[in-house]
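Report on one structure; see the data block that follows.
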Amino acid sequence: MDRKGFSSLPAEHFIIIVSVLYVLCKAYQFLTIDLCIALALLSILAWSVTQVAELGQLKLWRTQSTWYRPRADDGFLYGCLLVPFVLVAKILDMHSAGHRSSTPLEYHIALLELSIVFGYTVLVHSLTGFIHQKNLSFGVLSSGLLATAFCAKEIFPHLRAFSTMHIFISICAYQASMYLITSVLRRSFTFGEMAVVSQGMSLIFLDALHMAVKKFDLWYLPDFVNAERDPFYIWLQGLLLGMTFLGLVLSPCLYILRKNSNIPEDEARDWQVLISSVVFYLGTVAVVLAAIVPWISLALGQNAIFWVLSFLFSKWSHLGLCLYWVSILAIALALIAQFTYSTTTSAGLNLKRKYFHGLAILMFVPGYIYEKSFMHLAFTVALCGIIYVEYLRSFTIPPFGRTLHGFLVTFLDHRDSGPVILSHMYLLLGCAVPIWLNGHFAVANLSGIFTLGLGDAMASIVGKRFGKTHWPGTSKTVEGTAAFIASMLAGSLVIGVLSGSAALSMWETWRYFTVICVTGLLEAVSLQNDNLIIPLYTFALTSTRLIS
């Protein structure tokens, strides 16, 4: 099967490659020439592979094309380049603002180098798709991964400070993450989306490993690796890894619950469901008390529960924000219950979904303007809460599972074709990640909220209602893209008025306008999940473009 059905791909690939090279040109003076060449070469090689590969050919070794999300291209370039692209922009932003993090800049560059290595391993997997002999393809994969580890040791100056075995273990951790996500969450991701999520989780896991090694002095790590981290990042790391660990530890009872959820409720074995549900809830308490809280306490240097309570009650505005969010959610849920639009129609479903995109503006923008640190922590807790809710829904865990499923299934679209519903998770993640990255420019940090709460919502609503001129090869319209650009520009101007620290000069406004024009074009031609891809891309390009 060729790529003729996706005629917008050349435009999408052009935007991605040019953006990566543009960021490299801006950042080359802060990075080594070897790193710049390695990333530029990865861009060229990845683009070359997409030109010769057929649709469905680019995938992990020994996986099937049916394991990936249908009705979309493979997103291969994102899997290779998006995370390095974001990290280069972040490092450039740190240089321009003056490095103020507790983590040395050299360590951030080492993580960038590791993400480029991960990109090359994705490239190695793609090459096995051109080889039809099983033994030969395995030889190409194993030798390619080993060669990548040895070359990384020789080429990248900061990874050179680590042992070759350490680099190879990091590569293996990334491979394990990709295979775990692909096999367990089949049809939920494209190849590129899976690679991006796996890179993020692998880097967070490896950073936790580095912290533990430094704290307990288990083996040698370079001097630029320390155990000091921002406390809000520690909560992010501990809770995200804890939620993943929860699923792995309790997988036997989740398997039993999944098996019973696939048969009618009156035929399910009640005793199995009851026992497995009790084990799940008790296991949750055990993981929180025996793993998550101790790790966060160790990393913080104080009791995690006392720390979070002290932070919560340190300002009345924290409690005020919580009350505001609860009120907004209560009103929003009451209103959505009154919607008369049928979710069986495309327009009705679209309106319901974009309703929550708009809700993100009301909930998150005030929080960021007035309590940025609290917003960071709140996003972490909310995301982990959504992941836990998805455990309950996906495995139909009593007493909430079936009710949650009945509510959330009304918001499904063609991208939610796997066992988990990712759209609502991606919406929160897309809003949160730019704030977690904590760049120097407020509009960059708000890029996720703007692109999803304003741009994507307005593009969809205007495009479906008034759109007549379609972009070649897509269902997106020129009118929708114009609404995307206009709404984001208006949003940035309003935020500048409400918050002086977020205001842009005339020249910065022009630069930001060029960013949202390019982002609008990418949103129009991409078939990847824009709740995940577009916020990351916008953050990186905005951070880079606004630097003089």
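Each residue, glycine too, has its Cβ placed from N, Cα and C.
According to TrEMBL, the protein carries these features:
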type	residues	note
TRANSMEM	37-55	transmembrane segment
TRANSMEM	75-92	transmembrane segment
TRANSMEM	107-124	transmembrane segment
TRANSMEM	162-182	transmembrane segment
TRANSMEM	194-213	transmembrane segment
TRANSMEM	278-298	transmembrane segment
TRANSMEM	318-341	transmembrane segment
TRANSMEM	353-370	transmembrane segment
TRANSMEM	376-396	transmembrane segment
TRANSMEM	417-437	transmembrane segment
TRANSMEM	443-462	transmembrane segment
TRANSMEM	483-504	transmembrane segment
Long-range environment of the transmembrane segment (107-124) - Cβ separation under 8 angstroms, sequence gap at least 6: 31, 35, 38-39, 42, 45-46, 49, 76, 79-81, 83-84, 87-88, 90-91, 94, 101, 140-141, 144-145, 148-149, 152, 156, 158-159, 161-162, 167, 170-171, 174-175, 195, 199, 202-203, 206-207, 222, 224-226
The transmembrane segment (162-182) vs the transmembrane segment (75-92): 3 or more CB pairs under 8 Å: no
For the transmembrane segment (75-92): best-contacting stretch of 37-55, 278-298, 376-396, 417-437, 443-462, by Cβ pairs under 8 Å: 37-55
Within-chain partners of the transmembrane segment (278-298) [C-beta distance under 8 Å, separation at least 6 from its ends]: 208, 215, 234-235, 238-239, 241-242, 245-246, 249-250, 253-254, 257, 304-305, 307, 388, 391, 397
Candidate ranges 37-55, 194-213, 353-370, 376-396 - greatest C-beta contact count to the transmembrane segment (417-437) (under 8 angstroms): 376-396
Within-chain partners of the transmembrane segment (353-370) [C-beta distance under 8 Å, separation at least 6 from its ends]: 317, 321, 324-325, 328-329, 332, 336, 339, 378, 411, 413, 423-424, 427, 431, 435, 442, 445-446, 449, 452-454, 456-457, 460-461, 491, 495, 498-499, 502
Distal contacts, the transmembrane segment (37-55) - CB-CB under 8 A, six or more residues away: 1-3, 5-6, 9, 13, 17, 20-21, 24, 73-74, 76-77, 80-81, 84, 88, 116, 119-120, 123, 126-127, 129-130, 155-156
Intrachain neighbours beyond the transmembrane segment (194-213), with Cβ under 8 angstroms and 6 or more residues off its ends: 68, 78-80, 82-83, 111, 114-115, 118, 122, 170, 173-174, 177-178, 181-182, 219, 221, 225, 227, 229, 236-237, 240-241, 244, 295, 299, 532-533, 536
